[in-house]
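These notes concern the structure reproduced below.
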Amino acid sequence: KVCPVLLFGKWHGVCRFALFTCFLDAVRGQIRYSIPEELEHGAFVGNIAEDLGLDLDKLSARRFRIVSGAKKQYVEVNLENGVLFVNERIDREELCEQSLSCSFHLQVVIESPLELYRVEMEILDVNDNSPSFPWTEFNLDISESAAPGSRFPLESAQDLDVGPNSLRTYLLSVNEHFLLDIQTRSDGSKFAELVLQNSLDREQQSAHQMVLTAVDGGAPERSGTAQIDITVLDANDNAPVFDQSFYRVRLAENAPKGTVVIKLNASDLDEGPNADITYSFSGHAPIKVRQLFSVDSRTGEIKVKGVIDYEKARMHEIYVQAKDKGPSAVAVHCKVLVNVLDTNDNLPEVILTSVSTPVQEDAPPGTVIAVISVMDKDSGENGNVDCEIPHHVPFQLHSSFKNYYTLVTSDFLDREAVADYNITLTARDMGSPPLFTRKTILVQVSDVNDNAPRFKQPSYTVYLTENNAPGASICSVTALDPDYGQNAYLSYSIVEGDIQGMHVSTYVSINSDNGNIYALRSFDHEQLKHFQVTVRAQDAGFPPLSSNVSVNIFILDQNDNAPVIVSPVARNGSAPSGTVPRSVDAGYLVAKISAADADEGQNSRLFYQLLQATDPSLFSIALYTGEIRTMRPFAEKDATRHRLVILVKDNGQPPLSATVSIILSVVDSLPDSKPDLGDLSLSPHHNLNLYLVIGLGAVSFLLLITILVIIVLKCQKPKSSTIADSTLISSDAYWYSLFLAETRKGKVVMRQPIIPKGAGYFVSSIPRSIGPSETTDSRASTLEESRKSVNETSNWCVQGPSVVKYNYMSWFFFFSPGRSTDSLLCGCKLVILIIMFAGSKKCLYDSTVPPFCSYIHTV
């Protein structure tokens with residue numbers, strides 16, 4: 001495709017034109033612009049967007065950019081109108097020296113999708129340099145014997161411009177003896193030789209002066225002048241002669257200094273000083289040649305003086321003259337053509353023209369990371385370059401076209417695994433031996449919020465002693481997030497919920513920064529033994545991610561409840577009273593003190609102590625059961641009225657206590673009604689007389705025989721389908737706080753840890769059938785517990801006050817140690833039946849008192 005001619009406008013007052021030719025193919029395109037040098041900043045080069053057929057509105061979105069491997073950014077593009085303009089002044093002579101063609105390459109990079117275009121910028125020469133001579137004046141010695149037609153090379157003028165603007169011709173001022181002959185070298189440069197037209201006569205004129213003018217081909221043309229001073233010498237009629245007028249040699253680049261290129265030889269038929277020959281560069285030898293080579297004036301050896309670089313010049317023309325030392329010596333000339341041989345002496349160069357870093361870790365495979373160009377100044381195989389990167393990185397190197405590569409992702413990245421990559425790019429040429437260059441590309445991976453917080457523990461269990469101060473720290477939960485920055489910044493909160501009908505936020509709070517959980521109230525173990533809160537950890541990413549963890553908080557008991565006297569109960573503000581027959585023996589059960597403690601464990605274990613007594617030697621109280629018994633029979637001198645003060649103390653630290661006072665009256669015989677002392681007292685509605693007692697005794701005896709028979713039958717037959725429950729019977733109120741009869745399962749369970757003294761403990765559980773008429777089974781179980789701590793606790797089997805009517809008989813069975821709790825009465829050694837009472841009786845159940853209706857005597 002041929003693109004139209006573009007008018008650049010005025011440059012130094014003269015209109016210049018720029019031509020560009022576009023070469024496009026189906027996959028990648030190449031476009032070529034030609035512009036003159038020395039254009040000012042902002043000068044129009046071309047509308048590159050229009051030439052490439054791109055949409056102006058998408059240039060910025062697709063990150064349209066110009067990249068160059070040069071040190072200077074000579075051109076730039078306006079993304080608003082797609083115009084390519086000059087960014088920095090271009091000096092062709094600085095960029096390409098005297099090369100006939102001068103150009104540099106750019107690359108147009110467009111993303112989404114990736115497109116690469118190659119742009120060649122040809123820099124046209126303008127006539128901005130005048131020809132100049134090395135010296136403004138130089139001398140020529142010409143023998144008068146020089147024959148007409150003799151030639152004398154003149155100093156060449158140098159013009160930094162090329163092409164039409166370079167040196168075009170030489171002009172010589174008018175004279176009678178000399179003409180000017182213009183010669184052209186193989187590289188197209190021109191030099192002048194002075195041709196003797198008429199013989200010289202030193203006696204008539206010993207010196208001649210002329211002006212040599214060098215003119216270039218620019219418009220307008222430029223010129224430079226030098227003065228030629230010719231001295232006519234006396235005759236030396238034989239000149240030296242070279243073996244050859246033209247020599248061709250080959251020289252490897254980077255040849256060390258002092259290397260002999262060639263040894264020239266010239267001969268002279270004269271003798272003496274007229275035959276003594278000296279060698280030197282001809283006057284028109286270029287300065288660059290003089291910098292690279294030297295001529296031994298005595299031997300004629302041409303040696304390497306500077307650095308021979310094939311990439312700068314592939315050949316050199318050396319003009320050497322030979323002249324004897326005789327008077328009126330005539331110089332003769334020869335030409336030496338040096339061809340430079342290429343060696344693999346240049347490392348490949350790696351240029352990162354575009355790097356997109358950091359790259360997000362969720363970038364899809366194929367995402368472009370960098371655009372890379374490589375070059376090697378060597379030629380042939382020495383200049384062919386191949387690039388590679390390690391295979392263990394998730395990146396690939398794709399070759400777009402010759403010496404251009406794109407670095408893309410080959411897999412998804414994970415910043416948490418590798419946060420950045422140091423990719424080593426190796427560029428290796430095909431020389432022998434090959435040379436290589438390594439360049440490290442740092443690719444940083446930016447984080448995305450792809451990891452939810454994780455708590456250090458799957459759940460937390462915390463033990464908090466009750467009666468804590470509001471604001472006390474309960475515990476601290478910690479979560480970790482492997483993400484980075486805001487994606488890893490965590491805030492903690494408590495998930496909404498209810499505890500005993502109240503919002504969880506009224507119980508606890510959490511520090512959103514560090515996860516510390518604080519109590520907002522003082523907890524009471526008797527009201528709340530355990531609760532659970534859910535803590536959420538959420539990061540600050542977008543969208544935010546979160547995770548939850550359960551925190552189980554157990555409220556530990558403190559000894560903050562004093563024992564409460566359950567029976568006997570003072571009525572009408574007076575101490576409980578009772579009567580004791582004077583005729584009783586030692587060990588007679590006078591009364592039983594019952595107390596309860598709302599605490600648990602050792603804090604609810606109660607001890608009974610006789611604190612004060614009218615006669616301390618007469619009564620004693622059981623340490624664990626609270627039973628008051630006589631220590632000796634009554635004497636006549638003993639008082640008839642006794643006041644006892646009982647202290648009930650728990651086993652907490654420090655212990656709490658309660659006291660109760662009872663009044664005992666010593667009587668000769670018992671009254672009809674029992675004294676009101678706890679559970680041993682009878683209802684006033686039942687006035688039993690002696691006959692009734694005798695009748696009941698007889699009935700009870702018959703009932704005993706019947707029960708024994710039934711028990712034997714029960715031991716031999718399988719369990720019936722009758723639904724049954726069990727009642728726990730013990731002579732020691734302490735065991736009610738330790739054991740619980742599961743009424744529907746026939747099992748005895750422990751309420752709290754047991755730490756009493758002794759080898760075994762005996763508790764009776766009497767099964768009863770449940771129905772319209774409740775009957776009591778005669779099976780009982782014995783529980784033996786070792787000394788061990790049990791953390792499991794349970795509530796009382798009946799909650800809240802209620803009145804239940806039972807027809808019952810109280811039994812006590814003594815088993816030998818080691819019997820199973822599931823054993824039946826059939827395995828007992830001894831059964832002693834104590835008939836306590838028969839009839840109906842009401843039992844008041846309270847939430848703080850074990851639900852048992854009677855107490856029994858031990859044997």
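Glycine residues also receive a Cβ, built from the backbone N, Cα and C atoms like all the rest.
Database features, via TrEMBL:
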type     : residues : note
SIGNAL   : 1-29     : signal peptide
DOMAIN   : 27-133   : domain 'Cadherin'
DOMAIN   : 134-242  : domain 'Cadherin'
DOMAIN   : 243-350  : domain 'Cadherin'
DOMAIN   : 351-455  : domain 'Cadherin'
DOMAIN   : 456-565  : domain 'Cadherin'
DOMAIN   : 572-677  : domain 'Cadherin'
TRANSMEM : 690-713  : transmembrane segment
Most Cβ pairs under 8 Å with the domain 'Cadherin' (572-677), selected from 243-350, 351-455, 456-565: 456-565
Stretch among 243-350, 351-455, 456-565 sharing the most Cβ pairs under 8 Å with the domain 'Cadherin' (27-133): 351-455
Residues in the domain 'Cadherin' (456-565) grouped by DSSP into helix, strand and remaining coil: 7 helix, 52 strand, 51 coil
Counts of helix, strand and coil residues, the domain 'Cadherin' (351-455), according to DSSP: 4 helix, 55 strand, 46 coil
The domain 'Cadherin' (27-133) - residue tally per DSSP class, helix then strand then coil: 13 helix, 43 strand, 51 coil
Helix, strand and coil counts within the domain 'Cadherin' (572-677) (DSSP): 4 helix, 49 strand, 53 coil
Secondary structure content, the domain 'Cadherin' (243-350) (per DSSP, counts of residues): 10 helix, 47 strand, 51 coil
